[in-house]
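K.L.:
Taken from TrEMBL, the feature ATP binding site applies to 15, 174, 175, 214, 215, 216, 217, 218, 219, 220. What TrEMBL records for 55, 142, 154 is substrate binding site. Marked as domain 'PUA' by TrEMBL: 277-360.
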């Protein structure tokens, strides 16, 4: 059976949302946290390595700060995360300790997935924690993440962590028990038990996030696409069904894995990154990048838009005004206008040898 891949997984990533961990008032619900840990600890004691991606830092900070609802502005969200992350990890520490298990806090930003050195360090740290028998508890580093470049939800972060750690399966836990072909609150809506490809999602209505968390069904489906695109099967179900989901039972929605295995950074670029600017290409550059999978050189760029720094994601547009690719640029936006339309040899002669390189290396480009 397909779900045997979840039942027999030697390493799995489990993501839990804010609404599954907190009271409506924003306080940590100790009973719900302990119930989740009971399930994860039982699986851990069978020998499975478990990575927990946990939302809830901002929600856990609402009560201590006297806030009645999730704040809209980033600064207050980050203040709540600063207070709440300590509350959250303390609860996990004491809850897992009941089973003799230790946890390790890992806070990541989108930058950590895109920049090579950060990416490798995160990968090594997670691998070492698992080798040492620790349960990594991963969350977005909300306190320092900027509004322009952040995950904004932990669903996609979980998918990237699943790929980063070479997980055998991923389970997304929320307050919704499955994906439905309509509004699950209305009669006649049917559970979608399995998703084998995009065609299974045709006509499916996906709602938005709730008041406590940020991850609606849209981000969960996006996360499933990221993970399955990397060969990792996904189960989406309610936190109350966690034990059944981890056991491979027919609960929630099972997303079948695909066959491709791109790098984590390219998965992030394709599915989760937002371009910080635009580079408009001529037809020759589009052919070179899209058809021949070559690096983008300054000679093929017609115009630059946006304010970005070297290493940021930018969208590549063709002559007809449609995005064709996305990549990590090697120059600041302010540097590029002087490079446009010129060969790398000409640039090296005029500006110095450090300019004899591509705008975006082919290994840092994904086709959209």
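Just so you know, glycine gets a Cβ as well, placed from its N, Cα and C.
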K.L.:
In the domain 'PUA' (277-360), how many residues does DSSP assign to helix, to strand and to coil?
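P.N.:
For that range the per-state counts are 29 helix, 24 strand, 31 coil.
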K.L.:
In this predicted model, what is the average pLDDT of the domain 'PUA' (277-360)?
P.N.:
88
K.L.:
Pick from 175, 217, 219: which of these binding-site residues has the biggest number of other Cβ atoms within 10 Å of its Cβ?
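P.N.:
By the 10 Å Cβ neighbour count, 219 comes out on top.
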K.L.:
Name the residue among the binding-site residues 15, 55, 142, 154 whose Cβ has the smallest number of other Cβ atoms within 10 Å.
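P.N.:
Selected from the binding-site residues 15, 55, 142, 154 on minimum Cβ neighbours within 10 Å: 142.
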K.L.:
To the nearest whole angstrom, state the Cα distance for the pair residue 55 (substrate binding site) and residue 217 (ATP binding site).
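P.N.:
Rounded to a whole number, the Cα-Cα distance is 15 Å.
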K.L.:
Taking residue 154 (substrate binding site) as the reference, which of 15, 175, 217, 219 (the binding-site residues) have a CA within 10 A of its CA?
P.N.:
15, 219
K.L.:
In whole Å, how far is residue 142 (substrate binding site) from residue 217 (ATP binding site) when you measure between their Cα atoms?
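P.N.:
Computed Cα spacing between residue 217 (ATP binding site) and residue 142 (substrate binding site) is 21 Å.
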K.L.:
Residue 219 (ATP binding site) to residue 142 (substrate binding site): how many Å between their Cα atoms?
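P.N.:
Residue 142 (substrate binding site) has its Cα 17 Å from the Cα of residue 219 (ATP binding site).
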K.L.:
Work out how many Å separate residue 175 (ATP binding site) and residue 142 (substrate binding site) at their Cα atoms, rounded off.
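P.N.:
Counting only the Cα atoms, the answer is 22 Å.
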